[in-house]
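Everything below concerns the one structure shown next.
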Ligand SMILES: Nc1ncnc2c1ncn2[C@@H]1O[C@H](COP(=O)(O)OP(=O)(O)OP(=O)(O)O)[C@@H](O)[C@H]1O
């Protein structure tokens, strides 16, 4: 990892993260003494004991001379999907702690056991050939890296280390709650060794490694296809060379179209592989027009065109800093920006000019799906596509910008998909993907 002025260790007080904290302290004292180590504990406010547990981590950190901060999830708690919401909130709080500490690195204590559970769960959910486990490096919210340095280490090894150091830890009761899919996977893997146990875990870890390699290769091939065959043809409109779909439709071409559909449609998941494979076949024999994943795709003699379909665009709403609009644009406001409304261009009934060489109806549909930010009820509204990219028509009201985001990777971008994400970002005009902390090292993380 390139040296950082500071790093954040995410410490719940359980065995894994307590071991992470101690190991990091030892490592940094020895190898990078100028790097500041900050431990952060998130109190989700969901269990009465959580506050005392966070205080225990604070005391432990103080004894070791480590800076420690407690971050509390104070927002409203949803009635359903509480675990997922808590996870989102946890990463938001950890990212905020990282920014406050002037770093872009958060380390978590996910272990080989967590990795095996993840692969087991994903396999059960029917994830196909791209199945991979957790990534050793993941870009969060486009700006902060989550590193998982213990992914190759078994939990029991960490506990032995803690016992040798005479350090205790907290056992979170939710880790034994059988309603959780992860807990059920953990119990299954902890079964009798002759049935599951170590052999099963090793098998799942091998699958994780193979899946990561496959995903990386597929992503590289798709990135190459995007660079050669995909370009932005106008505001909100992409053009794909028909050559992508001929003569044979291979896995990389299918993966490319899945990624493009999700990005152009603003959906968090790639569309179903089988459906996209079938669509590729139809696109190879124009004319063809279809919608999938909220995107409109039209194969004509002059190429294949792709834009957001006009159905299901967001209703006009107050613009706010940090809003992800339609899964496709991150809205930002500088301090003091006047209150504004954001709406799809189609809602304004605005005429659009045609661009040379672009089919008029597609140019219209594409522009209708772009956001318009207006302030003070003025009809002179600013049509923003993205910062600093030609093709934007007028400026948004002062202080407001809309930046393209890649919907499937807007929150979590695993390192296996970095090449693909960079090629997509270049193609659609999203900001460049930051360089991974391990870049330039000759050892690929586990
Ligand atoms: N309350 C917390 N405060 C700080 N860090 C935490 C907290 N809970 C979990 N973490 C960090 O996240 C890691 C994974 O924790 P855990 O396995 O409980 O989370 P998960 O929700 O199952 O995983 P993921 O966050 O990847 O979905 C921990 O090892 C720790 O580094």
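Cβ coordinates are placed from backbone N, Cα and C, and glycine is handled just like the others.
Worth saying up front: this structure is predicted, and the values here are computed from it rather than measured.
Taken from TrEMBL, the feature ATP binding site applies to 12, 13, 14, 15, 16, 17. Its Cβ placed at the centre, residue 15 (ATP binding site) has 22 other Cβ atoms within 10 Å.
If you take every residue in the domain 'tRNA(Ile)-lysidine/2-thiocytidine synthase N-terminal' (7-186) and average the pLDDT, you get 93. According to TrEMBL, the domain 'tRNA(Ile)-lysidine/2-thiocytidine synthase N-terminal' annotation covers 7-186.
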Please report the number of other Cβ atoms within 10 Å of the Cβ of residue 16 (ATP binding site). 22
Restricting to the same chain and to sequence separations of six or more, state which residues have a Cβ under 8 Å from that of residue 17 (ATP binding site). 9, 10, 11, 108, 109
Fewest other C-beta atoms within 10 angstroms, as judged across 12, 13, 14, which are the binding-site residues: 14
For residue 14 (ATP binding site), what is the secondary structure state per DSSP, taken as helix, strand or coil? coil
